[in-house]
Amino acid sequence: MKQFEVNFDGLVGPTHNYAGLSYGNVASLNNASAQSSPKQAAKQGLKKMKALADLGMIQGVLAPQARPDVDALRRLGFSGSDANVLQQAAMQAPAIFQACCSASSMWTANAATVSPSADTADGKVHFTPANLTNKYHRSLEPQVTGNILKATFANQQYFSHHNHLPDNEHFGDEGAANHTRLCRQYGERGVELFVYGRYAFDKSKPAPVKFPARQTFEASQAVARLHGLSDDNVVFIQQNPDLIDQGVFHNDVISVGNQNVLFYHEQAFLDTDKAFAEIKQKYGTGDLHFIKVTTDQVSLQDAIKSYLFNTQLVTLANGDMAIIAPTDCEENPAVSAYLNELVTLNTPIKHIRYYDVKQSMRNGGGPACLRLRVAMNDTELAAVNQSTMMNDAQFERLNNWVDKHYRDRLSVDDLRDVALLNESRTALDELTQLLKLGSVYPFQKG
Ligand SMILES: N=C(N)NCCC[C@H](NC(=O)CCC(=O)O)C(=O)O
């Protein structure tokens, strides 16, 4: 049986904009109100997907969410026609209105936590959509994320879909951004690492003081239980709270893992030695590479700005690993010097590839934020909705679809235009046909 890691990238939605919605995410705050280009953003994303497919990786695509979220605004008391709802909300509560317009579902690392069948008690691939409770704009995502995941992984024999955790800060869950998996081969049982920012039910434990810790220990534990993971293949690690206070709002901003490699900044975790000893013990035999980047090599500021750790580590057909980095890493002298050296060291990482995902980076989303990893064997892969897989034909279709429906420029003021709502709905309705998803959006359900 063959085994793969498949990356499902989020397609950028037609309302991609910079609204400064994510307190604790430095890029989002710094770029608030800048003009965006939804078309360029979607095309940058598609190019990365295609490039990975061309590298021999199996690549999928996840549909974006429908925005502006008129139902969310109606729930908050805005009424009348859709045009009225948008106008009233934009005038009376601009910050709430902007939150309801975000294209944030593009960062599919936050869509869900996924456990492959080799790790779970019932031998199915398990999905739990993230509730994303910490940010209102993101808390609007989980229901439709669940619909999209069910339409993409539509076979109940192989895929098990859970509800998102309770919508409450105590169970704040940010999905795969705080989860990584170490294993020898993708189809073998691995060690799942859950990284959390704070304890919700124990105030005596360390926690950040300035910026919010979005993921709780209790949420991570609940996901591990739901997925039927056993104690000897999970490790729970607390993220260093000082780093959250410096802008490391998800663990995937400061570490990334793939197979037998954990690539991390020395300040990433609390109690690193204890956590690594547990990982080694649970991983068992075989080479395990902990690739540590010290503060002397790359400062925290450079790591956060360049997104050195929000890179994808992928295994190529010949067994080498490649690091898929944003061009921002290439442009940062300390980081590019580090990466050039890294590929000469005695680790599995042998290649670097840079991609321009700047439209997403300006909102704090690098290459790794844009993808959800799903390790599968060939039987499971064959059960995935094949229209969601990236190939030459689908790449061309999706590019044409973007050209047809997306605006070149968008500013926050354009979001209230009911024409944008209608354009987005037309585009997404067509997309559900291209990807054969059926009806996944509330506006399609009538
Ligand atoms: N690290 C990972 N996996 N994901 C990155 C998510 C970025 C996203 N930014 C935003 O939602 C900004 C939207 C705005 O400001 O318009 C967030 O903070 O949740």
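All positions are counted from 1 along the displayed chain.
Every residue gets a Cβ built from N, Cα and C, even glycine.
Sequence annotations record features per position, and here TrEMBL assigns substrate binding site to 19-28, Asn110, 137-138, Arg214, Asp252, Asn363. The feature active site is assigned by TrEMBL to Glu174, His250. Marked as active site, nucleophile by TrEMBL: Cys369.
Features per TrEMBL, on structure.
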{"residue": "Ala19", "record": "substrate binding site", "Cβ within 10 Å": "25"}
{"residue": "Leu21", "record": "substrate binding site", "Cβ within 10 Å": "21"}
{"residue": "Asn25", "record": "substrate binding site", "Cβ within 10 Å": "22"}
{"residue": "Ala27", "record": "substrate binding site", "Cβ within 10 Å": "22"}
{"residue": "Asn110", "record": "substrate binding site", "Cβ within 10 Å": "30"}
{"residue": "Arg138", "record": "substrate binding site", "Cβ within 10 Å": "22"}
{"residue": "Glu174", "record": "active site", "Cβ within 10 Å": "32"}
{"residue": "His250", "record": "active site", "Cβ within 10 Å": "26"}
{"residue": "Asp252", "record": "substrate binding site", "Cβ within 10 Å": "28"}
{"residue": "Cys369", "record": "active site, nucleophile", "Cβ within 10 Å": "27"}
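Same-chain residues at least 6 positions away in sequence with a Cβ under 8 Å from that of Tyr23 (substrate binding site) are, in sequence order, Leu29, Lys135, Phe211, Pro212. Among the recorded positions Tyr23, Ala27, Glu174, no residue has its Cβ under 6 Å from any atom of ligand 1. Distances between the Cα of Glu174 (active site) and those of the binding-site residues Asn110, Arg138, Asp252 are shortest for Asn110. When the alpha carbons of Leu21 (substrate binding site) and His250 (active site) are compared, the span between them is 15 angstrom.
In this structure the alpha carbons, written CA, of the residue listed as 'active site, nucleophile' and Asn110 (substrate binding site) are 7 Å apart. Taking the Cα atom of each, Asn110 (substrate binding site) and His250 (active site) are about 9 angstrom apart.
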